[in-house]
Structures are given as C-alpha cells and as structure tokens.
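Data first, discussion second: the structure below is written as structure tokens.
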Amino acid sequence: MLYAKLIIDKSAIANITSILKNFTYKNTFVEAPVMTTVCTNGTGGKVCHCKPDHRWSDTFCQSNPKCCGNATCTLNSADAKCVLSTTVTITGSLKIAQANKYEKCLKGTETTDYKNCRDDLMKQMKTAYSTLRGFDFLNIIGFRLGSLFIDFTMSVASTVNSQTLINISEAISRNLSASLDMETAGVVRLIMPDNMPVSYGDTNKIITCIATEDLGTTPQWSITNINGQYDITNGTVSTVTTLSKTESQIQLNKVTELWKGTYLCLYQQTKKFGNDSTINILHKGSDVLDVALLPEIAVFTVPSFPRCKTKTDVLQVAAQCEINNSTEPYIVSWNGDGLKDYSATSADKTQIYSAQKIIDCGVNNNQTTASCIFKNRKEQNKSASVPFNIIGDRELYCAAQGVWGDTKAGFTSVLKCTNSAGQRTRKCNSNAQWEDEVSGCVNSDLYNVLQNAKISDTGLGALDKNAETIFSNLNNVTQNSGRINTFANVNASVDVLSTMSDKLVRLVKVVDSVTTTKNFLASSSNLLDGSLENSWNKPDPESNKTLAEKYLQSVEDLIAISNISNDSDQKNIHIDTCSEDKCTNTVFNAEVIVRSSGNGTVKTAGFKYLQDYLPNTTEAFNINSIVVSTTTQRGKENLEITLKFPLLTARRRHVSLQCVSWNYNQSKWTDEGCKWGGASKPDECICNHLTSFAILMSRYPIEIPYMTEITYAGLSASVVSLVISLLIELIVWSKVVKTNTLHLRHTAHVNISLCLLVADCCFLASSQPEIISEIWCRIAALLKHFCYLAMFFWMLSLSTMLLHQAVFLFHKVGKKTYLRFSLVLGYVCPFLIVFITFLTNNGGAQDAYFCLETCWLVYSGLLKGTIYTFILPVGIIVFINLFAMIVVIMKLLDHRIREKSHEKEIQAAKTVLRSVILLTPIFGLPWIFGFATFIMDLTAGAVTLAVNYAFVVLNAFQGLFILLTTCLGDRMTREALLNSFRKKVSEPQLVRK
C-alpha cells in the first residue's frame, strides 16, 4: 500500500475532492483522498488536530507525549500527520539461530554483502507480511549479535487480525529458523477521561482498554509515573474490571499525583512451534493521564522568631512556603497585610516562594500571619498560613544556641534535617529554658521504604509483590545498625512492619514467598540488634502503644500468615514449627509444648532482647525471660501450652515468679490463663491460650504477714527476760550455788543468757538489712554465728559434765577444772569454727560467708553454704545432749536407792538434768524449724508459712522461755529469790521498830 500526502489550502479542498475519486487502474485500486489533519496558524507554529477516526501516529506520540490520541498540538514542522485510528504499527525482532547463514548482514552498512543480505531478508519478510490487508511498509532497522537479531518495523493501515498475523509470522519464522518477538500499537487502544487534566482528588475516574478483537488472553495494566513502573491491580484506589473479551477498565477512586503518568494495557499472545522456536506478540495500548496537582506546603519565617530589642525597632521578616519540585505550573499568590518583594527560588528538590514583611515592634504583632495560595490548572487552590512569632521586647525567650536561633518561650524551634527526611525540634519551655532536642530525622532510603509501604495496597503493583520488594529494601537498610541508631529510624522501621502487617493480614491472608518471609524476618532481627538498645525506649507521641508492642504485634501477625520453614532462624529471632499432634518447639533454649485438637502448624518465635524494650507494667516484678510467641492454625478448644523458659537471672529463694502473656487490648502483661510451675519447677509455665509469653520475677522476696511485728515483740521480750534472768542469777548466786555441779549449772546458765542476749541484740540491730551498711551486716552475721554456737556449746558443757558424773559415779572434779573445760568448750570451740569459716570464705565476703539481705549465713543448697557450719555443730550437740540425758536418767534411777550418801549431788544433778532437758528443746527445736525454712520455699504455700511462724515464735521468745523454765521454774532459785525479797521487806520494819 502506498500513501500520497497532500498539503493544500483550505479553499482548494472542494476542487481536489471532486477531481480525485475512487478508481482502478491495472489491478490497482486508488482510494479517494481523506482529510486526516486540520491546522491553523497559531503562536509559535501551526495548531493542528486530527479529524474523526484519526489519531496522531505512534512515532509522533512517542517523541511528543502531549500529542497523543486526538489531542490538539502545536507543530513546528509539517512532518507530523494523523493516521487512521485503525492503523497498526508493529515493531519486532527476529532471532535467527543459524547466524552463519546471514553473517554478511553484520558487515558494514555500505558493503555490498550487507546490502545483498539485507535485501534478501527484506524480500522474504515483505513477501510474507504484504499479504496483510492494508499493509503499508516494512523496514529492517538493524542487526544485532547474540545469535543474530533482526530488528524491524512495520505499519498496516487497517485493522490486523491477530491470528493472521501469528500465522504469517510462524511461516516466516519457520522459513528463517527463527523465533519472533513483536509489539503492536493500534490493535489495543485506551479511552481516557474527558477534560484533561483531571482535577486533583477527583473520584471514580475510568480508563477503558478496547481490543479490536478477542485476543484470547486477559489484559495486564501498568502505569509509568514519577516513581517508576507499576502493574495496576485491584487495591484501595484502583479497581480493575474485565467487561468483555475485548474490553477492560480501571476505576480510580481518588486521583492523586501517584496516578499521573502513562498507562499501558497489554495483551500477550504466545505460540511455540518446532524445537525451541516461539512467537511472542505483545499488543499494547498506551495513553497519558494528566492530573492537575496540588502541593504539600511547608511554611517558615526567616528568622524563625524575630526579636524586638526595643519598641522602636523595625524588623524585616521573610515568609516562606516550600514545596517539592513539580511539573504543575502553579500560580502562586499571597494574602496578608504589608507583604512585598515576592520571589521564587529553586533548590535541588524544592521550590521556595517568599514574601517580605516589615514588622513594627511598637505594635501588637501576636496575631500577625500571611498566607500563600497555590492554584493549579483546574483552578483548585491549596493554601498555608505562615505565622509571624514575634519576641516582644519584654517577653521571655531562649537565647540562640548553636544552630538553634532565638526562640520564644513556650514555642518549639524547627530545623530541617540534613541529608535525611523529617525535622529536628527543640522546645523553649515557659521558663525560657531550652529542653533537649528531639530528632525526627529518618534515613532517606528508609523513608522511601515507609512511603512505599503506605501505598503498597493502593493498586500500584500487586500487594504480595510489593511486600517482597519492601521487605528486601528494609532488610538492606537495617543491616547496618549505624544507619538507623536513632529512635526516629527504629520507629520508622517498626512503622514499615506495622503497615505491611495490617495490609497483608487484611488482604493477602497467606504469604507464600520464601524471599518475602526471609527478608521480613531478617529485617525484624536487625531491629533487635544490641547496638540499638538506646533507640527503642522513647514513647511514640502519635500512638498509645509503645514501639516494642507495635513491633511484637506486627511480627507476630506476619509470622502467623507466613510460610515459614525450620531453617528460618535469624541472629535475634528464632522460629520453630511443628505439625504433629503434640508439638515441642525450641527457640533460644526455651521449650514450648502445645497440646490441642485439630490439624495445622504450630509456630513458635523467640525474640532476643525484646523483653528489655516492652514496658514493665508492674512495679513489683521484672521481666526475667525472653519473649516467646506461639501461634497455631488449630482450634483453640482444649488448648494447653507448657513453656519452659531459661531464666535470665536465677530465682532467689522466697522470690515468686509470675507467668504472663501480653494483653494487646490493655497494653500490659497479664497472668490471666497462665499459672507458674512453683518452686519445684521455677522455669515452667502452663497456659490455655495463644499470644506472647514471658516470666516475671518479683523484685522482692515474699513477706510473711506480721513476721516483723512478731520478731520485734519476741526479741524485745527475750532481751528483757534475759536481763531479768541475769539479775536474778546475781541476786541468788550465793544462796543456790552449794555444790560444784550447781556452780557449773549456774555458770552455764549465765553464759548462755549472755550469748543469747548479744545474739538477740544483733538480730534486732540487723532486722532491716536494707538500711545498714555491708560492714555492719557482716559484723552482725559474725556475732550471731559465734553467739548462737557458743550458746549450744555451753549446753554441751552441761550435758558432758552430767554424763561424766553419771558414768564415773559422781566422781568429784575440781571447780576450776570444770570451769576451764567449760570456757574452752563454750567459747574456744565456737570461735575456731567461726574463725575458720570466716577465713575460708574470702574473708567473710558477701554471698560467700553472709547474705546481705538477711545478715545471716549463706544457704546455697544441700550441704552447700556457710549455714552448715552452724547447723552441723548444733545437730551434733543436740544428739549428744539427748544421749547424755538418757544415760544420766538411767544412772539416776539406778543410784536412787543405793547412793544415799550422794543425795545432794543427786539433787544437783537432777537440777542440771532438768535444765538440759528444758534447754535442749528450747534451743534445738527452733533451729530444726530454722533449718526447715532454709530447705522450704515460701512460694510453696501454707505449710512453709506455718514452719516460718513456728521458727520465729520459738526463736524470738527463747529468752522468755529461759526465764520461765530454768530460772523462775527452778525451785531452789525461786525460793532463794523469794527469801531475798522477804528479807529486804522485813529489814525496814525492824529498823522502824
């Protein structure tokens, strides 16, 4: 087909069309001329438009994007023309496998070999394609290596049947042993909204794609905008609908700058033949959607806070409105009194519009403002108010400091971030004191990731594909913790996770991409890096949730919908999965056992360091384990989860633990549905629901009710009783000490009372260890250790003396000998035990010799700890005392009749025996309960409380028991004391007589 192009004057149209009619000459049909393009003279060239059923050629459209379809264009040359709307332009590339047959085509373009090779291929291709109805031209535009590629272009004036095109292309491909890639323009066309440009924010705008025939496939939509190329899918803004086999459309719910660009509707046809040959045809229809934009406006004044030093000052202040660079030709105007000297400047990525204002300091300027107004091509306006915050001559302000200029009290100074997105702010409080700077600067790459996350579900690309790209970019940004080691960056990173979690859970339901899962886990792990510890704990002013809570919920939701394998572990996040009836998952040595009904995968995730960032919502407990999250697809009926946590800090005795889960509704830890395994299983929790779990440890040991009051009352009574006992001994000493046996008995009683008195005083002095120093706590523990041991060793001296007398038939031993023996046994032996224990435990070091929390000896377990240097000697002494009592009783029974001459000694022995019998349980029984308190844990329940009460009561009132039993309960002592009182009462009466 040949075209003749006539450029004629409008007045000649009638004559030409009457002369040139349709005619046939020698089998050639000549059509009458048709007017395609109408032009008139205009400013800067000819203003032209296409006649109905015509459009600008694709070649002209590509070089002049504003001249596409049937748009009116200003032309500088006469080369451009409109073509029939049915004209099809084809570009293609033949890949010839046997390149050696046409290697001459790769020679220089002026060589004969090249020309002959090119002409041969042109002849073969034209012979095939010229059979198309309306065939216009075909031209080979070049050859490329890589096998041999033949690039060509072709035009067909009328509609092309796709199947005919495929059949012809297959024939020539077979003839040349080649594969063919081809693109058409004209088979598919777009119908754009009327009255472009479209107003910003317009709703329900429709773009329609129409194919000339049923191409047997579904079209693919895409857009190329300022940010790149995106597939268009169903989303929150765009809705793609297939109306018929030849028609598809996009409906845009709201038009913004994101939807300004070139739209492409693509049908793809593919046919394979031969061994490896393929015909691939892309039918493309494209057009431009022009949108009249509106800007985001940032406002400033220079200086930010103009300061009047006196009322006579006159200041010049610049009001500035800043927008990002835009292709929209805005008309900018200003509102405000006294504005002048309007100007506009361009920076690298922004445009700044300024207006100057003169400020008279003698006038009240508190309400002074200016407004900048941006008008687009559709007469839409957007304005921003610029306040002039003037510092009066008597008003408080923060003086300039570094990059921060003078700032009015109660206001916040704002600076743009350098080489990053966001702002830096610093408040000047009402007292004119600078507060700390708050940086909102976000890494530029991270900011772009966040912006892409926010629009990922609009329809610009499929959400699952967008998620793959977003998480890959997030992983790249967060790999270097030095780039994100601020709160603003960590907050932005968590926002990405939170945004994508919300969208994916709501729309995708399941994330199957291994790459997406790997990158989201890697980026989540990167955020828990130890170097970011100080970047987590500031509150997010725009959210009621803490940063760590947003992170946990987002990652937990993403894990629940992701296809995760057991090799997904990251540095700071471990994940284990299971599909068995009884699942046991292990993460960071924390074991989770799940028993439930139904089928499905159980996923358990462990988060390193996250426990340090989640808020501790109770003052009484600290988090003492990693955070473990468990999700499952199974039913939640009959669900039982057993968790075994490695404790971060070993549990101290009498310190309770609490199994908790995070309650997202209340934003706090709660123990609802969980119970602790108790002292026997301190690292175990049993729960009946799914969420994120941890163990809390009480900051303080369990306090036994009224224990302090009982201790103070008992020790006070004991101290008073012991003082009374010693005074009684002093009063009756000469009257009751008649024999050596009684002398030893009362000597022992005095020393036992003294030792117990000193021990009780030390006990009272150290009853609140938290308020005394370590050295005094060590001294108190040392004295109690020695005095309590000495008390028992003096009891031992009593029982050994009785045993000696009983075995050796009351053989008389000198008083001094008894006394020396008792002093050695009563003081030297306990001293040696205490001294050796003190030295062998790092010189009485804390937690080795004594415990700072109790100012008493250390218990570390069975036969471990310094407490056994007290318990073992006491146990031995009690055993010896019991043995001695049995022997002496048997001997006394045996000698009761036969030894009348030893009546006094026998009575004395009975008195001593009675003391030993009474003192042994008084001193021994409390320490049996005392030893039990070391073994038993207060978290075990009521039995432990009863044992502790028994120990405290018996131990605290020992002095009172001594007074009542061995002192007032002894008949000889009681009679001697009464005689002394009677004597003192009667002496004054005798004097009066």
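Even glycines carry a Cβ here, placed using N, Cα and C.
Unlike curated records, TrEMBL annotations are generated automatically.
Taken from TrEMBL, the feature domain 'GAIN-B' applies to 560-703.
Sequence annotations record features per position, and here TrEMBL assigns domain 'G-protein coupled receptors family 2 profile 2' to 707-970.
Annotation comment: TrEMBL describes 712-736 (among others) as transmembrane segment. Proximity of distant same-chain residues to the transmembrane segment (712-736), defined by a Cβ-Cβ separation under 8 Å and at least 6 residues beyond the stretch ends, is recorded for 742, 746, 749-750, 753-754, 756-757, 760-761, 763-764, 767, 952-953, 955-960, 962-964, 966-968, 972-973, 976-977, 979-980.
Annotated transmembrane segment per TrEMBL: 748-768 (among others), in sequence order. Tertiary proximity for the transmembrane segment (748-768) is limited to same-chain residues at least six positions away from its ends with a CB under 8 Å from its CB atoms, namely 708, 711-712, 715-716, 718-719, 722-723, 725-726, 729, 776-777, 780-781, 783-784, 787-788, 790-791, 794-795, 797-798, 822, 826, 855, 915, 919, 958-959, 962, 966-967.
The transmembrane segment annotation in TrEMBL covers 788-810 (among others).
Taken from TrEMBL, the feature transmembrane segment covers 817-839 (among others).
Positions annotated as transmembrane segment by TrEMBL: 867-890 (among others).
Per TrEMBL, transmembrane segment is recorded for 911-936 (among others).
Taken from TrEMBL, the feature transmembrane segment covers 942-964 (among others).
For the transmembrane segment (817-839), same-chain residues at least 6 beyond its ends with a Cβ under 8 Å from one of its own Cβ atoms are 740, 743-744, 747-748, 751, 782, 785-786, 789-790, 792-794, 796-797, 800-801, 849, 866, 869, 873.
On the 0 to 100 pLDDT scale, the model's mean across the domain 'GAIN-B' (560-703) is 84. Remark: secondary structure over the domain 'GAIN-B' (560-703) totals 5 helix, 63 strand, 76 coil, with classes taken from DSSP.
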